[in-house]
């Protein structure tokens, strides 16, 4: 989340000739470890592996990945992130429950584990904001020169991005709870998978888009000469492909009718073509 350059010399963000160049030369592994997705990947793994009779295995796998990410980050000279520590503690508790708890307790976690993990992330994300240490800030600092860490623009960008992630976690918890409590279907295609993934992909897209948008928007507001802010359509660049893949997944899993699946695919394809017209540079 390196800040793009502006034309004014007030050091509210780094210039492209410095950190931007460094980011391009960063290895793939380092780039992943410098992204919040590294800390969130154990949660994604847990959601993919979870299911009836697989609580212990999914919790152990998530704990293993959490430890691997923590060790890799430390080995490559990165700072220990609050999210990575939270991962190890949370999944360590879940793994212990899987080993020691009764069968009834494990069945409860299999039913409500999705909502529990989402709520835990909501508390963590909003808690980091309340403590004035938004969790994305630690990742952003690793790709931004120290001289910019205390600038209002840099801090505001990370507060906003962390808040969007917190809202995405809240959305996932709400739709998951709706599926479990009202539909009585924890594996519902829409509430258990698609709608939750929609919130996650939106947060990912926002994380990439907002650091490019906010500096130029702020410069415009100050009457400074700068490049136009990125189009807001860029924020939804992922959506047509997401809709098309949803149609394909629905057909493959027999979760939607043939008509609905084909319609989603066509909407996604034509939406992608239309989006290109709005986001062309």
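Cβ atoms here come from the backbone N, Cα and C positions, even for glycine.
What TrEMBL lists as compositional bias 'Basic and acidic residues' is 1-14.
Marked as region 'Disordered' by TrEMBL: 1-22.
Annotation comment: TrEMBL describes 85-106 (among others) as transmembrane segment. Sequence-distant contacts of the transmembrane segment (85-106) (same chain, six or more residues past either end, CB-CB distance under 8 Å): 39, 42-43, 46, 55-56, 59-60, 62-63, 66-67, 69-70, 113, 117, 120, 124.
Long-range contacts of the transmembrane segment (112-132) within its own chain (CB-CB distance under 8 A, at least 6 residues past either end) are made by residues 43, 46-47, 50, 55, 82-83, 86, 90, 94, 159, 162-163, 165-166, 169-170, 172-173, 176-177, 180, 186, 192, 196. Under the heading transmembrane segment, TrEMBL lists 112-132 (among others).
Sequence annotations record features per position, and here TrEMBL assigns transmembrane segment to 153-178 (among others).
Look at TrEMBL and you will find 190-211 (among others) tagged as transmembrane segment.
Panel annotation: around the transmembrane segment (232-252), residues 189, 193-194, 197-198, 201-202, 204-206, 209, 213, 258, 260-265, 267-272, 274-275, 278-279 of the same chain, lying at least six beyond its termini, place a Cβ under 8 Å from a Cβ of the stretch. TrEMBL lists 232-252 (among others) with the feature transmembrane segment.
Marked as transmembrane segment by TrEMBL: 258-275 (among others).
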Other than its close neighbours in sequence, what residues sit by the transmembrane segment (258-275), given a CB gap under 8 Å and a spacing of at least six beyond its ends?
233, 236-237, 239-248, 250-251
